Amino acid sequence: MAGGKEWSMKALKEVWKRAENSLCADCGKPDPDWASSTLGVFICLSCSGIHRNIPSISKVKSLKVDYWDDAQVQFLAKRGNAVTKAIYEAYIPIYYYQPSYNDCQLLREQWIRAKYERKEFTEPGKQLPYSDGVKEGILWKRGRDNGQFLPRKFLLSEREGCLKYFTKQDAKEPKINVKIDVINATFQPEKIGNPNGLQITYLKDNKTRNIFVYHESGKEVVDWFNAIRSVQFHYLKVAFPIASDNEIKNRLTRNFLKEGYMEKTGPKQKEAFKKRWFTLDHRRLMYFKDPLDAFAKGEVFVGSGENGYSVQKGLPSGTQGNFSWHYGITIVTPDREYLFTCETETDQLDWITAFTSVINQSMTPQEYASKCLDAVSFPS
């Protein structure tokens, strides 16, 4: 008996060590130490918790602690991540967002359920709830002035190339009508205070406008998210016919590079530093009085190093503005310097890393045009 157990453990370790099984099958996290005995995939601890919530589909066990019998080990050896992915991820639409371990719980859960429970990607040409080119329904939207979430009708149309929302169900004219190519969507459960919270942003007169929504159904809000990506993808395929699918995919919705509180001072650099919420959306650094503000109080364009932009640790000597946080950052642009302070050294280093990643990238022609149009700067 002991010999059989030792053989099973040795065989399990051999399968576990295969290169294909070195990353979580669902989120890509390195060194997964759990597996599904019914699906045959190697997964991380976090994803194993999601699998555990769908016991009719997946039964999970620890690779380090639990006992695996011969039949289970042989099944893992026969399957593994590569074979199982070939079955359950065979026909994923190019625009469908495949979350990583850095993404929120909702995205990862719906990705796992879409694969194994609903089997959305196992056959070609399957009709999917986000692939029709049109989506209509109710989302709970946060009011710009009162902060209350109220039900609003939203309409997404590939034919019209836009997203609309209406303040009343029977309204003929939309409150907003936004072109699909200026929209971004990103999940913000902590900021919005709802596990299904989605932030939709768009450019209006070259300024960023935020809309915060949620839906009671996690599946429904993720379907909206992927429907937006689907419509964007097909719009961009027409607008850029020679671009590859992967090039277009990289231009769809994106997560913000960095968000959080910093203190800032005004252009004279003598004013008191004020605590504000900052969002770095690629080359747009925006600040808000409140994280859920509809409009930024100010924006600054962060260009490339070859065009005179840089980030420096600390503040210029002799900075006169009063500040309560002592971990400074200076953004140097061709026009002026922007001064910020962070609460901790970790925050300071994280922001510097984010700024550096943007500054090290060459600017595209579109970004040059955006800089010329963007006359918004940081007021005091």
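Just so you know, glycine gets a Cβ as well, placed from its N, Cα and C.
Copied from TrEMBL, the annotated features are:
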DOMAIN    9-129  domain 'Arf-GAP'
DOMAIN    132-233  domain 'PH'
DOMAIN    255-360  domain 'PH'
Subject >> Per-state residue totals over the domain 'PH' (132-233) - DSSP helix, strand, coil >> reply: 23 helix, 47 strand, 32 coil
**OP:** May I have the DSSP-based helix, strand and coil counts for the residues of the domain 'PH' (255-360)?
**Re:** 18 helix, 41 strand, 47 coil
Original post:
What counts of helix, strand and coil residues does DSSP assign across the domain 'Arf-GAP' (9-129)?
Top reply: 50 helix, 10 strand, 61 coil
